[in-house]
């Protein structure tokens, strides 16, 4: 009964555990290391560490007053709390899972062979000797080579019929050499003829070795205060098979625009079907294993490319900005009692990870005339967040174009091409071409609106008019890049027009939308996560609330001859609706609680503790942005003047906001390889084809 009330142990749950545990431990260390002792309260220590870990960037104390160890601790938290660091760790876990899946089977065969005491001769004895020679490197090589030849058929004349107990033998035909066993897990592989000069090896594990999902109890319907499946994930979404009975052959069904024959450079798709979001179904076991081989090689590529991308940008940023501050602005750092190189390095890492924290009390106001620093930090803000999927795809595309042609590099070219064609099967933050262009368009549009608003709405504003024209234009661009996620401010926020402050609240609220909606809309299991299949609970409610039965819905179907579900915008609308439902009530509740707590402050100083200022700070915390209206007599954020309970509420808001940008728990790019994942993909294809049949009748 207890485990029914606890959240399932999935990616979202582990992510919460990682963040909460890290923040609690480091907050104690931060508090204990204060100089003088206990000069910073534990509440402020917890707030600052949570803010650094979640990349919210708000601070209740001036960071320049912290000792070097505390500053380095925040520096470290910013790095390990970044989305790129977490996603890179997931890539390494999945890579290890692919390798372990085969390594376990190889070790099992080796132990069984070594336990045999009676000498045997013939194929079984030869197979045992082969199994002893297989090592971890063999396992990695087998997984990394996509299959090309046909699977061994059950009726092959070479198939054993004696039922030997050790169950391991060599099967040869014109294309393959197969290892077969009677027990263990089910795994196949055929080495590529293009890759090796030696005869290809086909490893299979004999009959009766399929994993079958155990019948589970019916799902318990209950609500949780915090969903552990992710934003938009359907309450009963899982990888368990539904009670469907669909046997319509793929060749006999009418295919709609979202399902087409997958005939491309990949042999595994030659007879299967490919649906939206790179979902492959109706594949044979050999083709499914070959698909896994391509995925493994793509993940192996990402396992070094993602860390290299992150380290290179941050290292170059630290050197470039650190040198600039040390040479051109050392007095700014010295006035705050800081080393110029340390100030530049901290700002570079904070910009790349979109934290917004700065060791300089005045944030970027002290550098509002520094052209090089503003441009460099603006590039780092884009490279580490909103444009990260764009830059990563551009990097892979460039590597593919510059790779030499020839047999030696053919495997690398195929791997990169697979990653470009089907990125969401391998990584959460790399999207297909169409989605990437949409993301680029949205980023340019939103930043353009912010930039134009800064220049237009501040006409006549003396705080901005005092700046040279060129600097004012550059400052507006930098503020546009920083306001949606970067968290830095190049001019005091209270000094800009109130209309621009309202726009900033809106932009902070929707800051995560372009990347997250793109991520979820490109999810291989998007339909399953949204629960849009007719046999999922709550589907009828979703249909009735979608407006498809209204006047505009009927007019749309009449003019386009398409149902509402078939429109390309349907899934985006579903994701937006889910995101809005996820966000709004948290913000409303947080603002309401804080205003109750801060009632005495509001009565004493209604201008400083206004409702708008509380909303601005709460949205900044929830969006993990970091800009703040500040205080008239202090350099730290507006949060620093709030009561202890209000600070704790904002800590919860920051943690919750950090998790709204995650992929759902049912996402191909975070799930470990296994039979249940493959079964879910096949089942989704069957359901989609069945719906195509229904519409075609």
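Yeah, the Cβs are placed from backbone N, Cα and C, and that goes for glycine too.
Whatever TrEMBL says is automated annotation, not expert-curated.
Among the ranges 350-370, 371-391, 392-412, the stretch that TrEMBL annotates as transmembrane segment is 371-391. Checking TrEMBL for transmembrane segment across the ranges 426-444, 445-463, 464-482 points to 464-482.
Sequence-remote contacts of a segment are chain residues at least 6 beyond its ends whose Cβ falls under 8 Å from one of its Cβ atoms, and for the transmembrane segment (464-482) they are 356, 364, 368-369, 371, 374-375, 377-378, 381-382, 447-448, 450-451, 454-455, 458, 488-491, 495-496, 627. With a cut-off of 8 Å on Cβ pairs spaced 6 or more residues apart, the transmembrane segment (371-391) and the transmembrane segment (304-327) reach 3 or more such pairs and are scored as touching. 608-631 is the stretch from 12-33, 304-327, 608-631 with the greatest number of Cβ pairs below 8 Å to the transmembrane segment (584-602). The listed stretches are 12-33, 45-66, 72-93, 304-327; of these, 45-66 has the most Cβ pairs under 8 Å to the transmembrane segment (608-631). Ranked by Cβ pairs under 8 Å to the transmembrane segment (12-33), the stretches 45-66, 72-93, 304-327 are led by 45-66.
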